[in-house]
Amino acid sequence: MHHISLSSNFVSEMLYLWVYRLIYLIKSKDFSELKFHLGKNESSKKTGKDLHNAWRIEVEKHQGNPSIFKAIIRAFGKSFSFLAIWEILWIFFTWTGFYYLVKKAVCYIDSYKKGIADEYMGYLNAFAFLLTFLFSTICHNQLHIQCTKIGMRVRSGLMVLIYRKLLTLSALANGMGVIVNLISNDCNRIAEVCVNLHYLWSSILEAIVICVLAYFEIEKSSLPAIGFILIIFIPVQIYLAIQTSTYSLKSTKNIRDRVRLMSEILTVIKLIKFYSWERFFEDKVNEIRYKEIKKIRKVIFNRCKSLIIVFVAPMISTLFSLVLYYAIEKKSMSPAITFTILSIFNSLRYPLSVLPTSIRSAIDAYFSLRKIDKYFVLPETFNNGIDNYDIIRDENGRETQDISIFMKDAKFIYDNNIPLKLGYLNLIVRRGDKIAVVGEIATCINLMDALLGQLILESGTAYMNGKVGYISQQPWIIKGSLRDNIILGEKFDEILYKHILTLTFINYDVARMDPQDLNDISNENLNLSNNFKQRVCIARCLYSQPDIVILDDPFLTFENPIEGLLYKNCIEDFFKDKTVIMFTQDKKYLKLFDEIMIMDNGAIIECDNYDQLKKLKVIQLQNDILNLEEESSEQEYNVDMDLHSNIEMDNEITVSHLQNLKTNELNEYTMSKAIENNHTFINGTRKPKSIHQDTLYKTIEQNQMTIHTVNSVNVNSINNTSEENVPTKLKYLEAYKSYIVTSPGALLTVFLVVVFFAVHGIRFFSDYYLKWFIDREYDNEYIYIYAVLAIALVLGVSLRGLFFCWVIFRKSIAYHNGILKAILNAPMVFFANTPISTILSVFAKHLFLVDEFLPDSLLQFLYYCPLILGTVVIVCLFVPYFWATLPIYIILIALILKYSKSVEHRLQIQEGQSKTEIFCHLTTTLDGFRNIKIYQLQKEFEKEYKHYIDKNHKYFFSLASVQTWKAFNIDIVSSLFIFLTALFIVIFKENTFFIKKMTPAVAGLSLTNAVSIILYLPWLFRTIYDVHSAMTSCATLQNYTSRIPKEENSDKKFINVPKGWPTEGKIEFEDVEVRYYKYTVAILKSISFTINPKETIGILGSSGSGKTTLMMGLLRMLELSEGSIKVDGIDIKNIRLETLRSNIGIIPQEPVLFGGTVRSNLDPFNEHSDREIWDALRKVSLYDDIQLLPEKLETIIIDNGRNFSLLQCMLFMIARIVVLDNNIVVYDESVVPLDEMAEKKIEEIIHTVFKNKTLVIISNKFRHAVKADRVMIMEKGKIKEFDTPQNLYLNPESYLFKLFDQTDNDKQIIEFKNKIKEIEISLNKEKIEEKYDSTIHSKHSLNMSNPIPSSMSFMNVAMPKSLESVFTNPNTTSTSFTPNKTDFS
């Protein structure tokens, strides 16, 4: 192990000697062999402590309005202020070179020309150049690295305090987006201002120094130039910087809106494709994009204007000084004075360049500090919520109190700004009570947060006796082994641990898993199911052995029989003597609890046992209805079953898992199961099992925040797991080529580069012309020509700025449009295999780099590159034999870049990965917020968080040190360049090359340009590096634009179907086979059937049977491997996807309302009148609700439907299809936790509104079979049964008969069975009468037109007339009884 200390002795730090060892070790060793050590003052423990103490003092002094800025000054201000010494020394050494030494060098040549110069003075002056700029280099780079170190300390301290504050807030107050943005953006901005703040005051000081030197040199003649500098150039730069920062903040809001919209689109992309609403959302994104581009255009144009000032200021200042000097002194300016002034004014470019950057940085930091101030004063729940006491026991260990929870007039709040739907609570829960809490979801969640200590107790009394345990709906796993996740810091008890593994059936999983996989179960590459993770969370709660257990519907994840066994093992057995409070919307649990607490409108409206509440029959709530009159079916759990196979079946499979399955595990069940799990419309990092009003909104927010957990360095790497996916990398050459040829094309792009060089050519020609006429007695004519050149330069710089903005923004627009169209036109397999975080990073990070970072870097590159090249050309032309030294600089710079490049790249990767760990830990904290508080893990999580901060800062500071080392050495090469220029002027003053002889003007021109290289050469390489880095984003965007597979071939010729198609609604499947991947097993196997017009079909089947795949095939979400699907006789593969999908209505499982208005959610393309929309709302019973809203159809949808109940959201889904008036409707039955009456209401509306449509109902609930014309039973990708429900029920061997026979508590099914029995009795009676008549009147038997069947079976019941053409009854040639559909409804 090699130890690397990131702090060293004074000499080593001054000259960066310790960095040589760092570079060597990183180049030659693996990072596993290296151990980095931060200095004590840079550790997060020290910085967090220092800032915490400073903040505490600030709060004590200013309790009403504490300022984190003052706390930062108190903690780190002293160290930061001392760094100003480096800046002052840099100013001294730099302007000594620019002013004094340049003047001395020109005077030396002038003296030599007159024959009065001392030879050694020229050499001394040359060596003075070298020493001056070496000292300048040391000061400048020390200022930068020391400011970086201070910024790192400030960032570290702020991150610690923000995280520590987070652990004291309520669950609602700490929105994920707010916290992540504070840490990812605001802390970085404050750290950045620490690097740039010294340049703010020093820029103005440097400008003043330039003015003083100019006045000292030419006195009154400098006044116009001084006026321009102090009254125009500096104020305009400040104004432009403020404007740029303002526009940048506004564009950031637009970017945030666009990324949020893209998160919404990607979260429900399946539904958008089902509706064929891609064009609508493309227009919405482009609308936001247009606003964003307008702001970014202003930002870039302001930067162009700022560079115009930087570029023309020296020439304008020199021009006015020449004119006024000539006017006042009545003589020409000497070469020594002229080029001394020119050198001084050329140095003005540097302060004018850094001033806007430092101002923008300061403004950004100001707004970030304000946001952090507001965050730090949020009220805390720590020690302000419900009190929790240890259980008091007597000397025999028995509990002295039987009260677990006590509340009297308890009033809880989140904070002053967030409303809370919870009134005054009065509650007593005794030891061992089992209570189920049901009712209005918002009220239930608020009560649960109060019990978990997430709320602030404003008034009243509330306390709990005993240790609290908690199990949430969603599994929460920390980084660590299975054992770490279960014991969670508790003392290890092996017997208890093994017992709990058995109770939760984890022992079965452990037996089949590789032991190494159990070392870190948070590793996403393991693809552990949510069900396994949930059982780990249950085991964690059991192991903690709490006295009070809070459950948030933790068993929703599981299917029977595992669900029932877990409940029995954990609740009924392990927690039999404990207090259990379960918040649930699942009625099947209610009978098992001692009491049922019903919540509504912020209050407890009922609390009694099941039997007493059942007598009330129906208890109506504000948003839900709890119907206890009808009991849900309960299944008997067979303890002797094969648990191993059931646990395997219960674990989830998704499409992304398929790629990690072994070949023998890939079968039609796993494939079909994967498609069904991926079919959920709400597509996120976690599949929601219980849908609330804000589920979609929270999922969108979670998806949006995942971009911070993508490696910020390697974001261009796309998971290339299949042949359809995007390649991981483009060559840089291809990336540059792609950027050049992108709109407006290669010709204009190359012309733009030529324009930049041409404008710089005007500037260098003006310097040469100045040299030319200074060498002779000039008059007004020469000055006029110089003025014309100055005007030409101003016009050229202005026009090139406009041209640059136009070209760059055409490219940005082209990239965005290309990637947006590519994503919206991508097939679903792409989204199944590509994480949302990866796609969002393209729209967030990569587009930002192409929109703002790349143009800014390109602008600077096109500014500095011609400047440096022109300087080299001028020096080589006018300094004899200087060209011979060029290989020295090239070789030195090449060696510097060669040895630093690979090291920088490796450190960037490590820094990016360590940053990802910070945000992964932050995400884990936010997801498990309640768990951390309940299990009191705040200190452990803060300690781990500090570890991640230190790890990131080790790599960050190492990277900053290597980059500073590179800049330091490039500055040394620049100093060598200046030294050799001055030396060659002295040595070869008699020699000639491009000029006849060395003159003061030639020396002045050469040195004036040469000294500027010390300022701009490091910047040139920095901009080259920035442009090169940003090109990775161009490569990524190009990858997505050109290589994502398209869902539909745009070149294919499609059939133009008639308007109103399909008019009948007939669906025909002919030998249909569907495969998810090309060479995998078939999911649907030679399916053939016909659905007649206006027929209602119920498709039933267990999970993974293929019923969802059937719908996916109908909508061409999955292309057919074999066979065909015809709608009204037209093969759907010959129809455009937009036409097909827009003419088949889909009612999804989950209620999805998009951002916008009520109208845009029902009619996004404005194709229907208000009357049609209101009529649709009336049909789905939403008319009165919407009429009561002030804005009616223009009502804004808040947070994707949070201002509507779940039932209303589901009715909106139906209203969409009513508005579209499709003749084919597919209803994928809802999975939301609706009550019985709401479900019946939806069912009634579905069958009423679409009674004259072809209706396909996909369901797991077999009661839908009652109202269907025919029922299709799917099993293993095949049709097991397909017939009328009456015929299927009359067959004792049918799947439907077995299901119905086991059901005794569903009214509709009971009525259906009774109706069938009546029919059977009637038929049997007819059969007896007919037999009797046949015996008596046998002689008339030949006259009977309808022979009676000899025996009764399920085949003897004839089908409806509409089906006679589809199925034939082999046992009869005519119909004895024809039941109507209404007879069984």
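Even glycines carry a Cβ here, placed using N, Cα and C.
TrEMBL lists transmembrane segment at one of the ranges 14-32, 166-184, 337-355, namely 166-184.
Listed by sequence, the residues of this chain that lie at least six past the ends of the transmembrane segment (122-145) yet keep a Cβ under 8 A from its Cβ atoms are 13-16, 83, 86-87, 89-90, 93-94, 96-97, 101, 104-105, 108, 112, 195, 198, 960-961, 964, 967-968, 971-972, 974-976, 978-979, 982-983, 985-986, 989, 1011, 1014. Remote same-chain residues near the transmembrane segment (80-102) are listed as 125, 128-129, 132-133, 135-136, 139-140, 142-143, 146-147, 150, 194, 197-199, 202, 205-206, 209-210, 213, 339-340, 343-344, 346-347, 978, 982, 1004, 1007-1008, 1011, 1014 (criterion: CB distance under 8 Å, separation of at least six residues from the stretch ends).
Taking every recorded stretch in 223-242, 307-328, 739-762, 782-809, 968-988 and counting its Cβ pairs under 8 Å to the transmembrane segment (868-897), the highest total belongs to 968-988. Mean pLDDT, taken over the domain 'ABC transporter' (405-626), works out to 83 on the 0 to 100 scale. Highest Cβ pair count under 8 Å relative to the transmembrane segment (307-328), across stretches 196-216, 782-809, 1000-1021: 782-809.
Against the transmembrane segment (739-762), stretch 782-809 has more CB pairs under 8 A than any other of 782-809, 968-988, 1000-1021.
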